[in-house]
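The structure appears below as structure tokens.
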Amino acid sequence: MQNMESSNLSSWGQLSGFPFSGSLAGSIRFQMPEETIKSPAAEEVMSQESHESDESLTGGAFLSWEDLWVMASDGKGRQLTILGGISGYAQPGEVLAIMGPSGCGKSTLLDTLAGRLQSNARQKGNISVNGRKQTLSFGTSAYVTQDDTLMTTMTVREAVHYSAQLQLPNTMTVAQKKERAETTIREMGLRDAADTRIGGWVSKGISGGQKRRREGITVLTAIHQPSSEVFELFHNLCLLSSGNTVYFGPANMTNEEIEDDHGDYEEGKTTASAAKATEILVKSYSSSTTCQEVTQRIAFINEKERRSQASFLAQSLVLIKKILCEHMYRDLGYYYWLRFAIYVALCLCVGTIYYDIGHDYGSIQARGSMLMFVAAFLTFMAIGGFPSFVEDMKIFGRERLNGHYGVVTFVIGNTVSSIPYLALISIVPGAIAYYLVGLQKSFQHFAYFALVLFVCMMLVESLMMMVASIVPDFLMGIITGAGIQGVMMLNGGFFRLPRDLPKPMWRYPMYYIAFHKYANQGFYKNEFLGLTFPNTQAGGPPTISGEEILRDVWQVEMGYSKWVDLAILFGMVIIYRVLFLVIIKFAEKMKPKVKVFFSRLTTKSTRVIDPPPAASLL
């Protein structure tokens, strides 16, 4: 959250979201305090003189709020009124400035209009977009921070096209959406940079101003102490004090309004407190013709149709393509490609170390250790992608609040888009290690080997995504993920055989929770069943079967087949992904409560020291 200085005026017309002009209501974008709320422009720029004309309502997004109240708990059971029945509106092609002292309710007003109130706050009143009562979400609103989060590998044209596909309704064809996107690019003056990648810390791309450029849109901005030059650019002004409206109307009429109320304020200023002065101003505004005009204007503009958005299926498909083709495929530094190269190198090392281990008794331990390495340490490397997971969560957080798609869509898109690359990593490096070592050479056995490796990688990715949704810090997240996997690895049945594990905690339930148990046993059954080995033990039979090795050496549970182990691993992937979804949903509800809790702790720990009494002059 950073202040919007008057020197940063050029950023008012800049936005990372996607404004869609035309007859459909487009997205209204929000920026946090000292932020800007923006929506698509009307096809005609509306002037103050056209307010009374029906023709002024021919396009764009019109926002209005009536009798809007916001109450919040202070953490001690008391209800505080933050906004007290305020009304107002914003129109395409105009700038509405929201001003007032700190704590007057500017940020709360923007949060309420954007549907971002914390869980400890509740609201009453009507919020309408183009005359339809609705909260500004699901494609109709978005906050834009000064340092926005975008996919760095996408070009400007692709970013705008994807945003159009996510936000515009299914009633529009693909060609119509592309044409709307191209029109927007031209209107933003980004035609020369349309095919330039957005860029980031790895590669230089477009400038920060180009990332956030938007023109001719509805703007709501909260600003402190603008210069006179900046103030002259405001069309309308909303003055708040203690959650009440002191003035709402044309910015150039503010002086006349103040002069009308100046006498009342001067009469009581010697004895009136600040609260009394505010009360005088609020009453004066509520009884003024300006307030009546605002009420009439709100009723007049509440006649627009509500826009629809892309369907759940369309959003999912667009998001999958967006992540799959434009993010993972293009970014050579993205962790999938780095992991692929490291996996190939490691599997070459495994293949040369365990090369053609044969079928003697000594190969039993060699095969077991090689398979354990694949199940545990190759999948362990997924923690290296944690920084990318965190970036994905940041992008999701921004687009989620912008209403581009929901949590379910993100989880589905993230899961499906990772499948091709994880499959590639499982098959190519897996084949190198599998055939160099000389494991069972039938295709069925290799296919099972690759499937188990693939599912284990999906499991670890799901685990790390859960960690990323809870622990957004890179270092702490990697440490947390490594610790969880380390505990699972110890209980997987290799370092300590299953019957030797201490029953409390480590065998029940940790041994059955760790996915390494099912991966190891699936690998062992796939490799040892059907083979025989020479028996070097004195007095025993000359050979020993793979089934005996599984039962007596590795203590594998033989009551079910290897396909059951694979099915359990697939089930764990589903459970992990559902948990990931639940954690995101839960975190959205709990974050405001956690903030309130810590604010109460801070308040209790703060000591107020009264100043010493002033010395009297004798």
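Backbone N, Cα and C define each Cβ position, glycine as well.
What TrEMBL says about this protein:
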type     : residues : note
DOMAIN   : 63-293   : domain 'ABC transporter'
TRANSMEM : 334-357  : transmembrane segment
TRANSMEM : 369-390  : transmembrane segment
TRANSMEM : 410-437  : transmembrane segment
TRANSMEM : 446-468  : transmembrane segment
TRANSMEM : 474-497  : transmembrane segment
TRANSMEM : 566-587  : transmembrane segment
Spatial neighbours of the transmembrane segment (410-437) far in sequence, C-beta under 8 Å, 6+ residues away:
316, 319-320, 322-324, 328, 336, 339-340, 343-344, 346-348, 350-352, 354-357, 367, 370, 374, 378, 392, 396, 400, 446, 449-451, 453-454, 457-458, 461, 465, 577, 580-581, 584
Recorded stretch that, among 334-357, 446-468, 474-497, 566-587, has the most CB pairs under 8 Å to the transmembrane segment (369-390):
446-468
Could you give the residue numbers and ranges of same-chain residues that sit at least 6 residues beyond the transmembrane segment (474-497) on either side and whose C-beta is under 8 angstroms from one of its C-beta atoms?
368-369, 372, 375-376, 379-380, 383, 386-387, 389-390, 460, 463-464, 467-468, 506-507, 510-511, 513-517, 519-521, 554-555
